Amino acid sequence: MSHLYIQLYDVDSDSSVNSQELEMTSLQDGGPRESQPSTQMHEMNARTVTSRGRRASRRTTRHHGWCSKRIILAMAILIPIGLAAILLIVLLSTGVINTSTIVGTEPTSTDAFVTCKPNETRCDNGFECLRNQYVCDGNEDCSDNSDERGCENGCQLSPRHFYFCKNGDCVKKAWRCDRELDCVDGDDEFDCEHCNSTTEFTCNNYDCVPIQSRCNGVYDCDDRSDEYSCFHQSSDTTKYFYNSSYIDLCHTPDVAVSANRICALLGYRSDGAQSSPIPRDDSTKPAVSLSLWSETSKANGTFIVQPDFSCRAAVNLKCQSCGISTKQIWAAYLLGGVGGFPITDWPWHVKLTIGSTHICGGSILSDKWILTAGHCVASITNPSDIKVVYGTNRFDGSGGTTRIARRIVIHPQYKPTLYRGSAFTTYSYDFAMIQVDSIQYSARAQPACLPTQDDLISDDTNCYITGFGSIVANSQQPHYPKYLQEGKTRVVSDKVCNIQYKTTYRLDVPEEWLCAGYVTAGIDSCVGDSGGPLVCLMNKRWVLQGVVSWGSSCKQSIPSIYAKVSVATPWINEYTAT
């Protein structure tokens with residue numbers, strides 16, 4: 001390689017032999033050799049120049065090779081670094097990489113949080129951006145789950161996942177027409193065509209059964225609502241629902257025998273009923289005959305129902321009234337109110353004890369059955385541990401009568417749910433029936449009426465609650481009263497109640513709950529009142545509309561929850577009407 005670099009140097013300025021020639025000569029000689037004497041001086045000079053040229057060439061070759069290696073090494077290091085720097089600048093400028101996402105860095109202020117696009121929402125952790133359509137869509141997309149918090153109106157951001165209720169609320173689109181009321185007004189179940197109204201009957205649980213199943217004497221709906229409100233008491237005769245209308249109930253021996261049962265199904269007392277025939281002007285007009293199921297072929301139903309086109313007499317049924325009280329309507333209160341009134345004001349109220357310990361209240365429904373809250377007795381394994389005390393307004397039970405529980409029946413849909421871990425417990429279908437030995441009716445012991453289709457309460461209906469519960473709003477240290485307490489309260493609409501419970505606890509109010517209470521008046525049920533009655537005066541009789549169920553605390557700022565009796569009436573009638 002020396003010939004490539006030799007041109008860079010001059011050996012001697014006065015020499016006629018240039019460096020290129022000397023280098024070539026030296027390469028041709030292959031090294032020093034002997035010459036003729038006449039040319040000795042010239043050869044000596046040539047060797048000297050050539051040797052210098054060789055040393056220079058070697059130095060040049062060694063020096064330049066070392067430099068080139070360093071240059072190549074530097075280029076090998078610097079070029080990738082430069083390209084990486086350029087790539088990083090491009091990525092940062094396009095927003096593909098955000099400085100707040102680099103490992104080992106944390107935002108020390110809101111300025112360090114990632115900046116999201118207009119169509120995005122930033123997660124609460126400040127590191128992530130999420131498209132608006134994924135906010136409140138029922139799926140947790142942010143690593144801190146913040147995209148699913150506070151979603152009462154989340155459908156405003158993500159409408160494709162939600163159904164808009166008429167009141168502005170929204171529910172998951174999958175809940176539309178799912179046979180459950182999720183909107184406050186229930187409009188998520190409107191126009192769903194679950195059942196064909198001309199050929200099918202819609203059960204309370206939104207199941208569909210043939211329209212002929214309505215009041216056919218057989219339970220076709222799982223919730224037995226197809227056999228609810230089949231009887232209707234007119235001014236002179238008793239009617240039965242058949243083929244979409246109420247028609248005369250024919251007077252037959254089986255109907256006469258079943259008078260007490262029919263009265264109970266009408267919401268009256270199940271004793272002392274009397275039936276008599278009322279001649280019909282036209283025996284060919286449609287009527288209904290009822291007969292009892294035989295003991296050998298018990299059916300899952302009430303009566304054998306048959307059309308009768310030769311009925312000569314309809315039945316006139318006289319039922320013993322229920323809900324009779326000496327109560328004079330005036331403003332009184334439970335927690336923070338008064339007591340000491342006679343038990344004849346509320347003769348259906350009973351107290352439940354285990355030994356001498358008060359646990360709950362209850363209501364007389366018939367001479368053998370008491371209605372209370374399911375959670376009061378759900379843990380009881382031996383019914384005889386429960387004592388039912390009635391006919392007294394004193395907490396110690398003096399002056400009253402005691403019956404031992406023979407049987408306890410919990411509603412099949414009863415379900416306790418612990419709210420968010422430990423705050424309090426909510427209850428679904430919070431009902432239980434307690435069977436006792438026969439109760440002797442008197443002015444001090446009377447049954448409350450069960451609601452019928454004509455006794456459905458409306459918003460702001462004034463009602464009363466009674467109980468022996470604590471009169472101090474401290475569940476850890478209850479202070480029980482000496483006398484039975486009463487409290488005037490009002491029913492709160494499902495719509496208002498649902499809004500308040502959604503806002504406060506993010507709870508939906510189901511159909512089996514009844515809300516009642518004066519938020520600002522300090523009137524409320526408390527510890528020990530559970531299972532007691534909420535009764536409303538309707539058609540001059542006291543109708544049991546609710547059972548004290550639960551509340552997050554005494555004197556809470558939102559209405560208390562009662563188990564709605566009307567949803568359980570068919571189930572209750574299985575026991576009281578037999």
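Placement of Cβ uses the backbone N, Cα and C atoms for every residue, glycine included.
When TrEMBL is consulted, the disulfide partner of C183, picked from C165, C170, C195, turns out to be C165. Looking up C230 in TrEMBL gives a disulphide bond to a cysteine among C215, C221, identified as C215. For C203, the disulfide partner recorded in TrEMBL among C170, C177, C221 is C221. Each residue contributes its Cα atom, and for C177 (disulfide bond) and C215 (disulfide bond) these two points are 26 Å apart. In the three-state DSSP scheme, C183 (disulfide bond) falls into the coil class. Taking only the Cα positions, the spacing between C203 (disulfide bond) and C215 (disulfide bond) is 12 angstrom. In the structure as shown, the Cβ atom of C165 (disulfide bond) sits within 10 Å of 17 other Cβ atoms.
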